[in-house]
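Undergrad: Below is a structure I'd like to ask you about.
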Amino acid sequence: MRISISSVVSSTTSRFVHRNLQGKGNPRIAPSSIDLCGMCYWGRAFSSGSGDYREILRNGLHSMKLDDAIGLFGGMVKSRPLPSIFEFNKLLSAIAKMKKFDLVISLGEKMQRLGISHNLYTYNILINCFCRRSQISLALALLGKMMKLGYEPSIVTLSSLLNGYCHGKRISDAVALVDQMVEMGYRPDTITFTTLIHGLFLHNKASEAVALVDRMVQRGCQPNLVTYGVVVNGLCKRGDIDLAFNLLNKMEAAKIEANVVIYSTVIDSLCKYRHEDDALNLFTEMENKGVRPNVITYSSLISCLCNYERWSDASRLLSDMIERKINPNVVTFNALIDAFVKEGKLVEAEKLYDEMIKRSIDPDIFTYSSLINGFCMHDRLDEAKHMFELMISKDCFPNVVTYNTLINGFCKAKRIDEGVELFREMSQRGLVGNTVTYTTLIHGFFQARDCDNAQMVFKQMVSDGVHPNIMTYNTLLDGLCKNGKLEKAMVVFEYLQRSKMEPTIYTYNIMIEGMCKAGKVEDGWDLFCSLSLKGVKPDVIIYNTMISGFCRKGLKEEADALFRKMREDGPLPDSGT
C-alpha cells in the first residue's frame, strides 16, 4: 500500500495546500489575457448538433489554430447534451501543446463554473500547466484538491511536479520527490529520470546527473535516446568532452545507436574547444555507422575549419554537403563568408553571398556585417554603404557592431563627416554607442588633425556614461602628442595615473615619445627611469624611443650608455635601433 502523498511536499507547502482547500473551486489564478469572446459565434455554430465537434476532435486537432480551439470550446459548452470530460480533455491537451498554458487554466476554471467535473486526466493537464508557468505552489494546491476528491496522483502527475521543481530552482525538492515516489510505491519511468537529469544539469550538478544514469540501470529503467541526448548535451555545454565520449561508448554497449543530434552536439563541442581533428574523426565515424549528417553537423565543422584557416577541408565539406542535397543554411554561409573576409578573399565572399540569394536564403545581420567589414578593409566604402542601405531596406536593422565597422571605415579613409553622420543616425535609431564607437571617432578626428572635436567626443563619451578604456586613453594621448598638445596630454596622463586603470607599455611609449619630440628629453628620461619602480619592463620600442630622443638632443654619450643597458637587459636591438 502506498504511503501518503503529503510526504512529498515540505511543511510550508503543505500549509499552502491546506489553506487552498478550505473553499470550493480551483486555486486562485490570474485572469487569462486571452479573449474568449469568439466562443459566442462558435456556440451558435455548434448548437445544431453534436456530431461536428466530435468530428473535429477526432480528425482536426493536430492542425488547429488557437482561435479555432477557443471557438470549439465555446461550441462544446453550449452543445446539448454536453460532451464528455474525455472530449474536453482532448481539446485542453491540444491547447496545452500550443504552450498556451494560461488559456488552458482559464478554460479549466470555466468548466468548473459550468458544473463540468474534472477527472484525473484533467487535473494532470492543469497541474502540468501550472508547473510550466512556474506556479508550483498553485500546482500543489490543485494536487491537494484533487486528492481530497479521491483521485490518487499518477506517475504523470508527479512527473509534472518534478518538471516544475526542476525549472523553478528547487532541485533539492525535485531529488527528494523522486526518492519519495519510490518509497510510495511508484516506479519512476524513463521520462521521470530524464526530467530530473535535465534539472540537475540546469543547476550545475553534472556529476549527480551522470550518476543518475547508472542508478536508472540499477533500478531496471533503461535510459533511452532522449536521456542520453540530455546528458551528452549537458556535458558538452560544460566542456566535459571526455565524459561525453564515455557516454557514447556506454550507449554502444547498451546497443542504443546515437542519432545525428547527439553526434552533432559532440562535434560542435569538439569544434568549440579546438579539437577540430577529433571532430572530423567523429564525423567520419558517424558516417561509417550509417548516421547521415545534417545541416547543423556540417555548419559546425565548416565554421570550425574556417576559424583555423583550413580552407580546403571546409570547401570539401561544403561540396560534399551540396552533393548530398543537404541545403546549407544562413549559419553555414555566414561561417564561410566571415572566414573569407578575414582572409582577405572578398571576391570569394561576394560569390557566396550571390549563391545565398540564388538559393533564396535571406542574409542576416551577421552576413551583412561581415561583407560591410570586407568592403571597408578593401577601401570600397561606397559599396560598404550600399550594402548597409540594402540591409536596412530588407528590414534587417544594423546593430552597434555594424555601425562601428562602417564608422571605422570612413574614419580611416579620412571621411570623418560621413562617420559622424552615421553616429548621429545610430543615435536616432535608439542605439547607444559603446567604447569602440567613441574611440573610433576620437581617432578619426585626430587623423583629420581636428584636436578640438576629438576632445569634444571624449567629453561627450564621459557625459553619456560610456566608460573609456585604456585603448581610448592611448588614442587620446597619442593624438594630442602627435598634434603638439603635450600639455593637454600630460593632464590626461596624470588623470589616468590617478585612476584605477593601469597604463600599458604602449601608453608610456606614447608619453616618452611625445616628451622627446617636444624637446623635453629630461622629462622623458625621468618617466623612463620610473618604469622599473612601477614594475614595468621597457621593451625594444621604448628603448628605441628614448635613444632617438637622446640623439635628437645631441646627447650621444647618454644614447650609447642606454644602448649598452638595452643589450644587458635583454631586449634585442632591431632595425629601428
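Each Cβ is built from the backbone N, Cα and C atoms, and glycine gets one as well.
Features from Swiss-Prot:
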REPEAT    49-83  repeat 'PPR 1'
REPEAT    84-118  repeat 'PPR 2'
REPEAT    154-188  repeat 'PPR 4'
REPEAT    224-258  repeat 'PPR 6'
REPEAT    259-293  repeat 'PPR 7'
REPEAT    294-328  repeat 'PPR 8'
REPEAT    329-363  repeat 'PPR 9'
REPEAT    364-398  repeat 'PPR 10'
REPEAT    399-433  repeat 'PPR 11'
REPEAT    434-468  repeat 'PPR 12'
REPEAT    504-538  repeat 'PPR 14'
REPEAT    539-573  repeat 'PPR 15'
Undergrad: Take the repeat 'PPR 15' (539-573) and find every residue of the same chain, 6 or more past its ends, with a Cβ under 8 Å from one of its Cβ atoms.
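TA: Same-chain contacts beyond the flanks: 505, 508-509, 512-513, 515-517, 519, 521, 524-525, 528, 531.
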Undergrad: Report the DSSP secondary-structure composition of the repeat 'PPR 7' (259-293) as helix, strand and coil residue counts.
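TA: Final tally across the stretch: 26 helix, 0 strand, 9 coil.
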Undergrad: Could you tell me what the rest of the chain brings near the repeat 'PPR 8' (294-328), counting residues at least six beyond its ends with Cβ under 8 Å?
TA: 260, 263-264, 267-268, 271-272, 274, 276, 279-280, 283, 286, 335-336, 338-339, 343, 359, 361
Undergrad: Reported in the order helix, strand, coil, what are the DSSP residue counts of the repeat 'PPR 6' (224-258)?
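TA: Result for the repeat 'PPR 6' (224-258), in helix, strand, coil order: 27 helix, 0 strand, 8 coil.
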